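See structure below.
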Amino acid sequence: MLDFFTIFSKGGLVLWCFQGVSDSCTGPVNALIRSVLLQERGGNNSFTHEALTLKYKLDNQFELVFVVGFQKILTLTYVDKLIDDVHRLFRDKYRTEIQQQSALSLLNGTFDFQNDFLRLLREAEESSKIRAPTTMKKFEDSEKAKKPVRSMIETRGEKPKEKAKNNKKNKGAKKEGSDGPLATSKAAPAEKSGLPVGPENGEELSKEEQIRRKREEFIQKHGRGMEKSSKSSKSDAPKEKGKKAPRVWALGGSANKEVLDYSTPTTNGAPEAAPPEDINLIRGTGPGRQLQDLDCSSSDDEGAAQNSTKPSATKGTLGGMFGMLKGLVGSKSLTREDMESVLDKMRDHLIAKNVAADIAVQLCESVANKLEGKVMGTFSTVTSTVKQALQESLVQILQPQRRVDMLRDIMDAQRHQRPYVVTFCGVNGVGKSTNLAKISFWLLENGFSVLIAACDTFRAGAVEQLRTHTRRLSALHPPEKHGGRTMVQLFEKGYGKDAAGIAMEAIAFARNQGFDVVLVDTAGRMQDNAPLMTALAKLITVNTPDLVLFVGEALVGNEAVDQLVKFNRALADHSMAQTPRLIDGIVLTKFDTIDDKVGAAISMTYITSKPIVFVGTGQTYCDLRSLNAKAVVAALMKA
């Protein structure tokens with residue numbers, strides 16, 4: 001039983017609607033538009049909203065959307081056929097009204113489609129009932145049951161051809177009998193060895209006697225060979241030679257410890273005084289108060305663009321004429337066959353740029369659904385049309401549904417006289433502590449005091465690393481510059497303690513001391529480690545931070561999808577709250593090491609629908625950027 005079926009234009013006008021079990025289809029359809037159609041996630045033609053499953057089909061030629069909704073616990077096999085039949089009949093019946101392409105004509109048009117829809121629904125339900133469910137074949141009806149048991153027995157290590165030959169030989173031996181040549185050939189080795197095998201004085205030997213004689217024959221036969229081999233091995237044994245002296249190379253140097261020891265003899269291994277730290281080296285270059293946009297372009301790209309324009313300028317009028325004719329051919333409606341080769345190249349290009357394989361397939365499928373049936377422009381080709389649609393989809397994906405403005409949220413928390421809490425999580429070695437220090441420097445440059453909570457009580461050296469960052473940040477922002485106020489401080493309780501308890505104490509300490517922001521550093525953990533994921537979910541549930549940031553590196557491909565999906569799933573499964581807290585944003589690190597392979601940004605944003613808040617581009621405190629969607633897409637589409 002269907003809950004609803006609705007037909008509406010891409011402009012938002014509902015042309016016709018069928019209400020089944022559901023009272024209203026407004027909520028589910030609005031969720032479909034908001035989460036799928038506007039976000040360019042049309043690779044899969046189904047969408048789940050609460051207890052409903054929605055299936056939809058796009059008509060790009062007439063800018064229509066067909067949506068059917070039913071309970072997700074039901075398995076309705078006729079839905080795909082029904083939506084295709086309704087799409088075909090509705091388009092053919094009301095082609096004139098739809099082709100006018102004006103909102104007024106659509107509003108004034110009468111789309112009496114109720115009887116036709118009920119007829120199509122009845123036919124689809126009857127066709128699904130006619131199809132009898134397939135039953136499993138019984139063993140008696142299978143081919144294996146007709147074979148004899150002996151033919152299915154195979155000897156280990158025996159090939160099928162050898163087995164067939166052995167069976168033929170055994171059959172031939174049975175036909176010839178014991179008086180044939182086979183019996184005489186078997187008796188020959190017995191005469192040579194002098195050990196009678198057959199009957200003796202009219203009496204047959206017992207089994208024990210036969211086994212004993214065969215054992216003696218085996219020992220006599222193989223014992224002599226072993227003696228010969230031992231004698232030959234003794235005679236052929238080479239004489240021991242003296243050890244060869246090692247070769248002394250002309251420029252090989254010396255391996256003596258005294259020669260290789262360059263340490264000062266007076267210090268005796270004692271640590272020297274630490275040299276004064278270079279503030280400019282620590283701070284980096286560039287303004288730290290305002291985040292700059294990420295720039296993925298380079299001089300090489302400009303040179304390549306200039307070089308590519310030179311040969312095009314040298315083309316004659318003949319090439320321009322052929323190009324014009326090629327463009328004129330493009331004015332037609334697109335089909336999947338036309339786009340298939342172009343989409344295959346686009347998919348391979350995205351995978352080569354580090355986009356996860358599954359997401360690349362879904363993106364290309366979404367573009368195909370978006371363009372199928374659409375009429376191209378007069379001077380456009382299939383390649384340019386598909387490429388432009390893919391670029392628009394990628395930009396739409398990178399533009400977040402919810403913008404994270406930390407400075408505004410911190411000011412709002414100040415008005416309520418409480419600290420703004422940010423929790424960093426992620427797998428091992430992605431740069432959580434380093435980028436936490438970069439964000440601390442950015443907040444200090446904007447005049448906010450920061451308390452760093454060392455909740456990584458597992459990794460050796462984690463507290464010392466944060467202590468070093470705190471010392472250097474204090475050198476950049478000493479209390480003398482801020483009226484004697486301590487701008488950055490480390491809160492730590494050592495190793496082996498409960499991370500959730502340390503975070504709770506740090507937040508209470510920040511509230512009492514008047515700190516503006518608390519940055520919580522957590523231990524790196526793999527997404528499959530259930531105990532550590534439970535501890536992270538406990539930390540987030542108990543302390544309810546204002547922002548949960550997932551730190552991921554830009555080097556990963558398919559692993560990014562697995563990490564984010566399992567982190568979100570683990571936080572939801574191990575949370576004790578009624579509405580579990582999930583990841584709010586992403587920090588993308590090591591972006592300076594990937595050149596133009598920026599596909600991880602697409603993978604992470606597509607799988608979570610969460611924004612990339614910060615991008616790490618280096619080792620100094622100023623190497624922090626905000627994401628520029630158009631620059632990332634331009635780098636991604638660069639050949």
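Each Cβ is built from the backbone N, Cα and C atoms, and glycine gets one as well.
The region 'Disordered' annotation in Swiss-Prot covers 132-317.
Under the heading compositional bias 'Basic and acidic residues', Swiss-Prot lists 137-146 (among others).
The annotation compositional bias 'Basic and acidic residues' is assigned in Swiss-Prot to 153-165 (among others).
Sequence annotations record features per position, and here Swiss-Prot assigns phosphoserine to Ser178 (among others) based on similarity to another entry.
Annotation comment: Swiss-Prot describes 204-240 (among others) as compositional bias 'Basic and acidic residues'.
Here Swiss-Prot flags Thr285 (among others) as phosphothreonine.
Under the heading phosphoserine, Swiss-Prot lists Ser297 (among others), citing similarity to another entry as support.
Per Swiss-Prot, phosphoserine is recorded for Ser298 (among others), and the stated evidence type is similarity to another entry.
If you look up Swiss-Prot, you'll see Ser299 (among others) marked as phosphoserine.
The compositional bias 'Polar residues' annotation in Swiss-Prot covers 305-315.
If you look up Swiss-Prot, you'll see 420-637 marked as region 'NG domain'.
Secondary structure at Phe591 (GTP binding site), as computed by DSSP, is helix. Residues or ranges marked as GTP binding site by Swiss-Prot on the basis of similarity to another entry: 426-433, 521-525, 589-592.
Take the CB of Ser474 (phosphoserine) and look out to 10 A: across all protein chains shown you find 16 other CB atoms. According to its DSSP assignment, Ser474 (phosphoserine) is helical. According to Swiss-Prot, the feature phosphoserine maps to Ser474 (among others), an assignment based on similarity to another entry.
If you look up Swiss-Prot, you'll see Thr579 (among others) marked as phosphothreonine, on the strength of similarity to another entry. Long-range Cβ proximity for Thr579 (phosphothreonine), meaning a same-chain Cβ under 8 A and a gap of 6 or more residues, is found for none.
Averaged over the region 'NG domain' (420-637), the predicted model reaches a pLDDT of 90. When secondary structure is read from DSSP and collapsed to three states, Thr579 (phosphothreonine) falls in the coil class. In this structure, the binding-site residues under consideration are Lys432, Arg525, and the one with the smallest number of other Cβ atoms within 10 Å of its Cβ is Arg525. Ranking the binding-site residues Gly426, Gly429, Phe591 by how many other Cβ atoms lie within 10 angstroms of each Cβ puts Gly429 at the bottom.
For Thr522 (GTP binding site), applying a Cβ distance below 8 Å and a minimum sequence separation of six or more within one chain yields Thr423, Phe424, Cys425, Lys432, Cys455, Asp456, Ala499, Leu536, Leu539. The subset of binding-site residues (Gly426, Gly429, Arg525, Phe591) lying with their Cα within 10 Å of the Cα of Ser474 (phosphoserine) is empty, i.e. none.
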